[in-house]
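Working notes for the structure below.
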Amino acid sequence: MDEERLSDNVRLYKGGSIRQGLRSFAAVYVLLALSFLLLTLLSSVSLARIAALSSKLSTLQSEPKHNFSSRDSLLFPCGAQSRQWEYFEGRCYYFSLSRMSWHKAKAECEEMHSHLIIIDSYAKQNFVMFRTRNERFWIGLTDENQEGEWQWVDGTDTRSSFTFWKEGEPNNRGFNEDCAHVWTSGQWNDVYCTYECYYVCEKPLPK
């Protein structure tokens, strides 16, 4: 009788252990499934954050270039490569540091994709006068083609336009004064074209 009870207890114990083991396996499976889902969710969030950071980094990398470009356009309106040029009323001007003849000065300006200055307004005359005080500078004015017919380098004449000749000029003294320069007083004077003086180049504002 005691042996039968013992045998029944053993069977009950074994059955309970199996059921408990199955429950433990199911719990482990659920935990693994939840862990996998959580890992997938975290990976998705991480990838999204990485993508957002990459986008922000690209923006930050491009911003300095834009900022530098904006800064350069404010500091050097005539272009970062034209820092020796001066801006005035929508155009750029170069005041030379060396002296040469009128024709050489004209060629120098053309090499810099510009031309000898054309003074066609009182405002521009004042700008040049202030900038060239006590020195002589070539301007883009000559009567080499026809004596007394003064023309700017762009082909326009001075008969109906602004002029600022010094009193008594142009006088063609010596019969070969065919090029004009700004006198030390800021007024214009005719002189022979081989005379060496400074010069002013002019060009449009870069687009």
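The backbone N, Cα and C atoms fix where each Cβ goes, and this holds for glycine too.
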Selected from C78, C109: Swiss-Prot disulphide partner of C92: C78
Of the candidates C109, C179, the one sharing a disulfide with C201 in Swiss-Prot: C109
Composition by DSSP (helix, strand, coil) of residues within the domain 'C-type lectin' (77-203): 23 helix, 36 strand, 68 coil
